[in-house]
Structures are given as C-alpha cells and as structure tokens.
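**Student:** Please see the structure below; I have some questions.
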Amino acid sequence: MSLLTEVETPIKNEWGCRCNDSSDPLVVAASIIGILHLILWILDRLFFKCIYRFFEHGLKRGPSTEGVPESMREEYRKEQQSAVDADDSHFVSIELE
C-alpha cells in the first residue's frame, strides 16, 4: 500500500485504511515520482553549497584556449579583466560602524 495514496478514517475504535491495495499503473507512477522528488529535494538541501558551487565555477571556466597562440590568449584575458573591472562600478560598498 502506498503512503502517498493512503486515506485513513476512524472505524469504530481503530484507524483503518479505506483504500484498497491498488496496482493501478498511474498510482504506482505517481508514488515513484513522489518518492524520487522527495529524495532529490532532501539531497538538494543537504548538498546545495557543493552543487551550486560546482555549476557556478563550471559556467565561469570560459572557452578552451587549446591551439590558440599565446598573444591571443593574453588579449582575451585582458578583455575579460576589463569587463570584470567595468562591472565593479555597479556594486555598492556599505561599511558598518
């Protein structure tokens, strides 16, 4: 019996389940999806720093420079640094006393 589809109702002095043990494919699929969703949510909350740090650094790696002459690599680095320097002006520095 699936915990996700169970309906409990008071019967006399006991708690009983009004649903029958369904082997309906839709109920089975919904149960599996629900359990997987719960597992993924728990893992996300436990390891969110590791997961998002990996994606953040993975996206910032930039294009491969294999086979590119050193002069072009240096030019690319300067362009990237100037873009970063230009973006620094958008941040506000707040100092607390």
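Glycine is no exception: its Cβ is also placed from the backbone N, Cα and C atoms.
From Swiss-Prot, for reference:
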- 1-22: topological domain 'Virion surface' (TOPO_DOM)
- N20: N-linked glycosylation site (CARBOHYD)
- 23-43: transmembrane segment (TRANSMEM)
- W41: site 'Seems to be involved in pH gating' (SITE)
- 44-97: topological domain 'Intravirion' (TOPO_DOM)
- C50: S-palmitoyl cysteine (LIPID)
- 59-88: region 'Disordered' (REGION)
- S64: phosphoserine (MOD_RES)
- 71-80: compositional bias 'Basic and acidic residues' (COMPBIAS)
- S82: phosphoserine (MOD_RES)
- S93: phosphoserine (MOD_RES)
**Student:** With every protein chain in view, what's the tally of Cβ atoms within 10 Å of the Cβ of the residue listed as 'S-palmitoyl cysteine', excluding that atom itself?
**Tutor:** 9
**Student:** Rounded to the nearest angstrom, how far is the Cα of S82 (phosphoserine) from the Cα of the residue listed as 'S-palmitoyl cysteine'?
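**Tutor:** A Cα-Cα distance of 29 Å.
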**Student:** For the topological domain 'Intravirion' (44-97), provide the mean pLDDT of the predicted model.
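**Tutor:** A mean pLDDT of 69 is what the model gives the topological domain 'Intravirion' (44-97).
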**Student:** What is the three-state DSSP composition of the compositional bias 'Basic and acidic residues' (71-80), stated as helix, strand and coil residue counts?
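**Tutor:** Across the compositional bias 'Basic and acidic residues' (71-80), DSSP assigns the residues as follows: 10 helix, 0 strand, 0 coil.
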**Student:** What whole-number Å value do you get for the CA-CA distance of S82 (phosphoserine) and W41 (site 'Seems to be involved in pH gating')?
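**Tutor:** So the alpha carbons of S82 (phosphoserine) and W41 (site 'Seems to be involved in pH gating') sit roughly 39 Å from each other.
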